[in-house]
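Going by TrEMBL, these are the annotated features:
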type     : residues : note
REGION   : 1-52     : region 'Disordered'
COMPBIAS : 31-52    : compositional bias 'Basic and acidic residues'
ACT_SITE : Asp119   : active site, nucleophile
BINDING  : Tyr174   : substrate binding site
DOMAIN   : 212-314  : domain 'Pseudouridine synthase I TruA alpha/beta'
Amino acid sequence: MAGNGEAPVPVGAKQEQDKKVRSGWQGPTRVWEETEQQAKKLKSSEDGEQQRKLPKRKIVLLMAYSGKGYHGMQRNVGSSKFKTIEDDLVSALVRSGCIPENHGEDMRKMSFQRCARTDKGVSAAGQVVSLKVWLIDDILEKINSHLPSHIRILGLKRVTGGFNSKNKCDARTYFYMLPTFAFAHKDHDLQDETYRLSAETLGRVNRLLACYKGTHNFHNFTSQKGPHEPSARRYILDMFCEEPFVREGMEFAVIKVKGQSFMTHQIRKMVGLVVAIIKGYAPEGVLERCWGEAKVDVPKAPGLGLVLERVHFEKYNQRFGHDGLHEPLDWAREEAEVTAFKEQHIYPTIISTERQERSMAQWLSTLPMHDFSATAHAAAGLGTKAPSSLEGSDGVGDSD
């Protein structure tokens, strides 16, 4: 027995060892692993409990962004081909710890809603979105730290639990920035940077823009509505052109329009028709004909200069803005930051892109292809065609 080199194991000890093996005991290592796993589970449970204890509240965020390089505001879940503003926003919300990751995958879980669905290349200085988030410390700084510089969250306010930024929005104000040579007569050079808008021409522009004010049937200013669709009737509160200004040797002007809601391409077509009239391609009477059933060929101005400037919540402010629990949604304190963002990111982008791509000059060269007098007669039968089932901008907002 001594020759095999192993000492005999007592019968009692052998039985005890077999019992430990059958019970899964593997010595001190197994005990340490189980203790570590339990500690991890406890820490994970504590983290989850702490996260659940954070207040999850309905808020609105004031957003500003330069839309160049983006395919609009609204996120296309599951599609990485076309990048949108909301793709970057949702990523920042998740990374900053404001929302759980699964809310980023399904935005309905955070009750997300935008005021207006801006289209490809369109910028915003005062977009407002509503959503539910965890109100973490330094929330604005943390969100902005995960956003590119051309997208900023400028303000945050608490709102009522049932607040919906699209449905509660009374009106939207857009502006359209364009070089003033767009108003030069058609016999003038298409891109004469030395052109300066006269007071007389500016007065005529404003007289035409004022014709849009009030309630009209705007079916000719979108491709998505027939003349008999009630939703083609829209109410414009105001529309005017401000005094021109010079940037980098080129004169620009800003057209502002405030309306309850807008249809797809409506604003760009409203601007486009006035430009065509001022330049002498279309008679002034064509504007009045646009309200009728006949189909009128209305040119669509480039999207580059269109900016969502502000959204309005007058009714909400009257009811909740001074109830002692909620703030009015007027963003007066953020006005300086909004102006600074426009000066730093929006105006320079419009100016530099216009110089490089000449989008306005190229579009102006297409105006002679429109036959405004012919379409007014030939389209009498087209006005009764079946309306499209497509809805612009979530049904009520602007998707220009």
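Keep in mind that glycine also has a Cβ here, set from the backbone N, Cα and C atoms.
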*Which residue counts does DSSP yield for the domain 'Pseudouridine synthase I TruA alpha/beta' (212-314) in the helix, strand and coil classes, in that order?*
27 helix, 33 strand, 43 coil
*Work out how many Å separate the residue listed as 'active site, nucleophile' and Tyr174 (substrate binding site) at their Cα atoms, rounded off.*
13
*CB neighbours of Asp119 (active site, nucleophile) within 10 A?*
22
*Surrounding CB atoms that lie within 10 Å of the CB of the residue listed as 'substrate binding site', all protein chains*: 27
*How does the model score the domain 'Pseudouridine synthase I TruA alpha/beta' (212-314) in terms of mean pLDDT?*
96
